[in-house]
Amino acid sequence: MSYQQQQCKQPCQPPPVCPTPKCPEPCPPPKCPEPCPSPKCPQPCPPQQCQQKYPPVTPSPPCQPKCPPKSK
């Protein structure tokens with residue numbers, strides 16, 4: 001084996017070291033869904049017409065003279 005042949009034989013090189021795989025970005029935190037819109041209050045019931053608690057007051061009949069007028 002000549003000196004030149006020995007020179008040519010490169011010692012085995014270790015395979016190139018693969019760079020450590022870069023950690024993938026962590027998943028972004030899930031975005032909170034918009035909170036449910038607060039249910040819109042239905043329009044309040046229109047106020048009920050006041051129920052007359054008492055029957056409407058009938059005007060009292062005009063005063064009648066108790067005594068019939070004296071016939072002259």
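Cβ coordinates come from backbone N, Cα and C, glycine included.
If you look up Swiss-Prot, you'll see 1-11 marked as compositional bias 'Low complexity'.
Taken from Swiss-Prot, the feature region 'Disordered' applies to 1-20 (among others).
Residues annotated as repeat '1' in Swiss-Prot: 21-29.
Look at Swiss-Prot and you will find 21-47 tagged as region '3 X 9 AA tandem repeats of P-K-C-P-[EQ]-P-C-P-[PS]'. Computed over the region '3 X 9 AA tandem repeats of P-K-C-P-[EQ]-P-C-P-[PS]' (21-47), the whole-number mean pLDDT of the model equals 71.
Positions annotated as repeat '2' by Swiss-Prot: 30-38.
Sequence annotations record features per position, and here Swiss-Prot assigns compositional bias 'Pro residues' to 33-47 (among others).
Here Swiss-Prot flags 33-72 (among others) as region 'Disordered'.
Marked as repeat '3' by Swiss-Prot: 39-47.
What Swiss-Prot records for 56-72 (among others) is compositional bias 'Pro residues'.
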Helix, strand and coil residues within the repeat '1' (21-29) as assigned by DSSP: 0 helix, 0 strand, 9 coil
